[in-house]
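Trainee: Quick one: structure below, then a few questions.
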């Protein structure tokens, strides 16, 4: 190896020694070191050869490097060296390959002085990583060497949080027997039980409940295990949570299972919490049907209609809105159909006097308007602001809805609180197509006689603002 740059960087900023370590080439490692290769040289990721030997589970390479380093008195330099992610060789050893391979790697690193409490850029210790991967024997080695079980990472998660995600009850038992806090909370105030529940980790969930973990705790958003399970659609853990005694006291805030259209969880909740669901209102006064309508969950509405007759289809929220108002507000046609079939009142008014037809017309949902009209919704109902659905549609420039309302007999001569009729509004905003539709109705003479709005001659206003409409009318 004379006259060769022994530490030359060749591939991906790595020296020959990096590559030899990566491929477990022990003979090459010894030859390179004996010819002056540096064991503490780093690549672009701040990794030394030992990092790669540990990452790829190269037991012989790790052993060779550590013994060579011991001879050269550089062990302390390399054994706890950080890469760019602040991972030490021990961190990388814990997450490599199979547990059998890791067993020897971890023992070697510890024997040569690895810091078992070193933390990565995310404040993860080797024990966190062992717990996450469900490595019982590795965790046992680390704990027996003094690893702390309640050290939080950057998200305030402890080893027990990670063990819950690995679904390893035996590992969790080990952690608890060494003082792990069963109610430890992460940055979102979620406990290990919540982590297990919302990741469908059945074994972990059962173990934690058996060991006294609370199922009724809430995270920072006020969500319990049941809410989290519904959000993540965890079909296995929901049965376990619903069977516990503590959950009977759970407040069914948000009714997540409905808002996410989770029919299986809804069915289980119905069986267990029928009375609670019947009485439930969220912070806006919405019941279970309000939420289903608001989120356009037609299948959920169907389940409620078929299996929950005790839920009031005409219940009002704090704004006086019934489920049908919310369905119309969002143009949820199938939900509108299901609610009317169930007995929802098509002409019910909220606290502002709005009917479902007002909402559908205001937001331009033509099909919803058509369906409400086919179910005999009052076409000229007034809200508190003295506006009809037609006035709202005209103000928003909803041309097709305006035409549909006119075809169904809506009166365009009705005036709003400013004294404007529908033609006046069309003139103000220069809605040409709406103006044309209005003058083709039987009410055209009446709308052309409105001087009350601004004192102008209506024809003069029409000529100035909608000349094409005026031309059509004059020609007629």
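Even glycines carry a Cβ here, placed using N, Cα and C.
The repeat 'ANK' annotation in TrEMBL covers 12-44, 85-121, 122-154, 155-187, 188-220, 319-351, 352-384, 385-417.
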Trainee: So if I exclude everything within five residues of the ends of the repeat 'ANK' (188-220), which remaining residues of that chain have a CB under 8 angstroms from its CBs? That is, six or more out.
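Mentor: Same-chain residues near the repeat 'ANK' (188-220) but 6 or more away: 155, 157-158, 160-161, 163-169, 172-173, 176, 182, 228-229, 231-232, 234-237, 240-241, 244, 246-247, 249-250.
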Trainee: Can you name the far-off residues of the same chain, 6+ from the ends of the repeat 'ANK' (319-351), with a Cβ under 8 Å from a Cβ of it?
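Mentor: Contacts with the repeat 'ANK' (319-351): 284-287, 289-290, 292-294, 296-298, 301-302, 305, 313, 357, 359-360, 363, 365, 367-368, 371-372, 375-378, 381, 383.
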Trainee: Under DSSP, the repeat 'ANK' (155-187) has how many residues in helix, strand and coil?
Mentor: 17 helix, 0 strand, 16 coil
Trainee: Which residues of the same chain, at least 6 past either end of the repeat 'ANK' (122-154), have a Cβ under 8 Å from a Cβ in it?
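Mentor: Cβ under 8 Å, 6 or more out: 88, 90-91, 93-95, 99, 102-103, 106-107, 110, 116, 160, 162-163, 165-168, 170-171, 174-175, 178-181, 184, 186.
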